[in-house]
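Student: The structure follows.
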């Protein structure tokens with residue numbers, strides 16, 4: 001038998017079938033670095049419109065986890081797609097460097113007896129070390145960025161910029177000193193931001209406490225009685241027994257009805273709706289003597305259960321009837337509502353009783369409980385209430401309670417002297433911060449859209465922002481306070497600039513080593529230099545002001561503005577939140593035009609990642625086992641608007657999808673062997689109809705993908721690219737062209753037409769996948785024929801695709817109908833192969849029985865219909881002539897019949913043809929193959 005292999009155009013490419021991503025990706029990173037890819041992108045983007053994504057800085061502590069990887073990959077996909085869309089899309093990565101976690105790490109390693117200066121020195125060194133580790137892990141994900149020049153909140157320039165931002169806020173009238181209850185962690189020894197609070201279940205003792213009446217006549221009058229006749233008490237219910245020593249008032253709702261209840265030996269005041277449940281709890285029987293409104297009880301004095309002081313009734317609308325007694329005990333030092341109500345009733349800061357120290361221990365001078373830790377004192381307080389006869393009931397409940405996100409320990413509200421940004425404080429000019437922020441939210445685009453309502457609710461209801469902390473490792477609040485009046489120095493803003501200039505040169509250490517006389521001269525003796533530092537959310541929240549300024553051509557009249565902030569959904573209460581507030585104070589608008597949030601990563605069962613559950617997916621391990629491109633593909637395929645499920649099995653499915661895309665790319669490359677686009681490319685009008693359709697279909701898909709990329713809908717991008725590779729290419733077009741590619745003359749119009757289409761498709765596809773499969777796209781780029789620059793990223797979306805003319809006979813709808821017919825034929829072929837009636841499609845001869853309109857469509861392909869159906873013979877007949885055993889298809893007006901060919905198989909093209917062996921010189925091949933080998937070659941028009 002003659003070997004005709006040498007006469008075929010067999011596919012050939014050096015592009016490897018096996019990706020070997022864990023080994024090849026680090027080499028690609030080295031190549032990007034050696035060619036200066038990021039710098040080249042900035043050079044070619046100089047005259048392009050800018051797109052600025054401002055990086056929310058991760059905390060410089062520990063190795064990266066899967067959530068970090070998701071965040072950085074999403075950012076990279078957006079910026080790569082924007083680059084391909086013709087924007088200059090720089091990426092300046094950042095790190096959040098100050099704050100308690102780093103200080104805590106240093107204390108654990110070096111002990112707690114370090115000097116403040118030494119602590120700062122070690123914290124700075126630790127943060128720098130952590131940044132280097134995280135940086136290499138982010139780079140390994142394929143994230144393009146200015147990694148040599150990241151912004152760090154501990155860079156001297158940024159520390160100085162933060163001080164200048166604070167000075168602007170002071171100048172604008174937003175900052176004030178106040179005594180207010182703030183979230184307080186005993187382990188941190190500091191106030192916490194709202195974003196640093198998490199809620200966990202906690203067991204607490206509830207107590208019902210009777211406060212005896214101090215003014216019997218007023219209470220009797222309030223209930224319309226001439227006298228009480230018995231001892232009377234009002235009963236409160238609380239879950240925090242430790243706050244009873246700090247009680248200073250009692251709250252009732254002005255509109256609720258309250259009852260005076262006779263329980264035998266005494267009278268109790270309770271909310272009318274709760275009398276029955278309270279008496280049941282106290283195991284008492286009673287009769288309602290009289291009722292009144294909360295309003296009538298205002299300012300009536302009761303006595304503290306065990307201290308010699310009064311507790312007046314204050315009206316408060318926050319009182320509820322969902323639990324307890326309808327009366328709330330009020331400790332202004334340990335509750336936000338308590339504090340607010342007491343201030344409304346004229347209680348001064350000096351009047352507020354605050355016996356709990358920063359470590360959670362009562363001051364020694366507190367009678368009965370001095371020196372005790374508050375949570376351990378709960379039982380002693382209960383015992384004291386029993387002793388004085390004021391305890392009505394105690395129970396243990398489990399309820400959601402605020403905890404420190406770092407130490408997981410319970411928090412309290414604690415009134416301390418702190419620096420605040422006022423949400424409703426009238427600034428020097430313009431609207432209040434709350435009004436500005438609400439308006440800014442309305443002017444911002446949100447992805448997903450529900451983020452807008454979430455952030456709006458948080459801003460509408462949040463308290464003033466406590467910006468001060470009592471720690472060493474943080475940007476200082478460089479204030480001088482008058483020793484007698486407590487007022488800020490009149491030249492505070494000017495002095496802050498002098499401090500900023502020093503910090504710019506020496507870092508925050510410049511403030512801490514500064515002697516007040518260096519700035520204040522003889523005035524220094526009259527002022528205290530404070531040691532408070534700024535909340536770390538102020539650090540990251542002001543980066544837009546000093547990092548972004550000057551980076552964007554739009555919005556500079558009123559300050560910088562990023563096109564996009566992108567972080568996890570927890571940042572509505574974190575970075576999005578603090579950045580919004582600082583932006584509205586400094587520039588009167590949000591520092592972003594659009595906010596994108598992604599969900600948290602969970603396992604395939606929706607559970608949080610946890611070492612105890614053994615379900616942690618570490619990005620480092622994924623890189624080493626599957627490759628970063630597989631992780632990137634998983635990110636793209638997952639709808640990030642909700643929780644993002646990942647597991648080894650899910651990643652394996654991504655790896656399978658990756659192989660299908662890679663195999664498609666390899667098929668394209670292997671069939672471009674010998675193709676030189678400079679000399680072999682055909683104009684659209686000379687291409688075969690099917691090839692023109694394939695290019696047109698690619699153009700339509702590119703438009704869809706550009707839209708999806710623009711809307712950050714990467715899961716749509718992924719699914720459409722995957723379907724295009726597997727179905728429209730792999731399941732239709734690429735199958736059909738194999739015969740033409742392999743069997744026609746190497747430089748025939750039929751083959752060059754197909755190669756032209758494959759070239760256009762490849763040029764488009766490599767760009768489509770570049771934002772997602774960053775490494776693979778760059779590898780593919782190196783194997784494409786023709787002269788090209790060093791990286792796919794140095795280009796924009798492919799512009800060589802052509803659209804079918806409006807009057808083209810074989811238009812898009814035509815090929816849709818042909819595809820439907822081919823699908824029906826394939827289905828019947830599968831049935832026959834399963835029944836072993838035929839071995840392969842080319843053993844088949846198919847007859848299509850069609851209605852007139854479909855006959856017209858099919859007849860347009862003439863004798864090339866068999867190449868589209870991939871059968872040795874294909875004929876068309878009227879629908880009415882279909883025999884009884886013809887198969888009814890899903891295509892309206894189409895039946896078909898497939899029979900096994902009785903003709904010999906061509907040894908070259910494998911078609912079963914009647915003319916195999918007709919030529920004695922080539923007895924094993926068909927006439928078409930003889931013509932392609934030694935004749936003028938077959939002519940194709942359509943497929």
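Here the Cβ of each residue, glycine as well, is placed from N, Cα and C on the backbone.
Per Swiss-Prot, the features are:
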MOTIF     58-68  motif ''HIGH' region'
BINDING   567  L-isoleucyl-5'-AMP binding site
MOTIF     608-612  motif ''KMSKS' region'
BINDING   611  ATP binding site
BINDING   906, 909, 926, 929  Zn(2+) binding site
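Looking at the shown structure, can you explain where the listed features end up?
Tutor: If you average pLDDT over the motif ''HIGH' region' (58-68) in this model, you get 95.
Take the CB of residue 567 (L-isoleucyl-5'-AMP binding site) and look out to 10 A: across all protein chains shown you find 21 other CB atoms. DSSP assigns residue 567 (L-isoleucyl-5'-AMP binding site) to a strand in the three-state reduction.
Residue 611 (ATP binding site) has a Cβ environment of 7 other Cβ atoms inside 10 Å.
In sequence order, 912, 913, 916, 924, 925, 926, 928, 929 are the residues of the chain that are 6 or more apart from residue 906 (Zn(2+) binding site) and have a CB within less than 8 Å of its CB. Classification of residue 906 (Zn(2+) binding site) by DSSP places it in coil, neither helical nor stranded.
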Student: Which residues, sitting 6 or more apart from residue 909 (Zn(2+) binding site) on the same chain, put a CB under 8 Å from its CB?
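Tutor: Those within reach of residue 909 (Zn(2+) binding site), by Cβ under 8 Å and sequence separation of 6 or more, are 739, 742, 743, 925, 926, 928, 929.
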Student: Hey, for the Zn(2+) site built from 906, 909, 926, 929, who else sits with CB inside 8 A of the CB center?
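Tutor: Everything else in range on the chain: 743, 907, 908, 910, 911, 913, 916, 925, 927, 928, 930.
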Student: Using DSSP, what is the helix/strand/coil residue split across the motif ''KMSKS' region' (608-612)?
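Tutor: Across the motif ''KMSKS' region' (608-612), the residues distribute as 0 helix, 1 strand, 4 coil.
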Student: Can you tell me which parts of the same chain pack against the motif ''HIGH' region' (58-68), counting only residues 6+ beyond its ends and a CB-CB cutoff under 8 A?
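Tutor: Beyond its ends, the motif ''HIGH' region' (58-68) has Cβ neighbours at 95-97, 99, 101-102, 105, 127-128, 130-131, 133-134, 137-138, 152, 568, 600-601, 609, 616-620, 646.
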Student: Tell me the Cα distance separating residue 567 (L-isoleucyl-5'-AMP binding site) from residue 611 (ATP binding site), rounded to the nearest angstrom.
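Tutor: A Cα-Cα distance of 24 Å.
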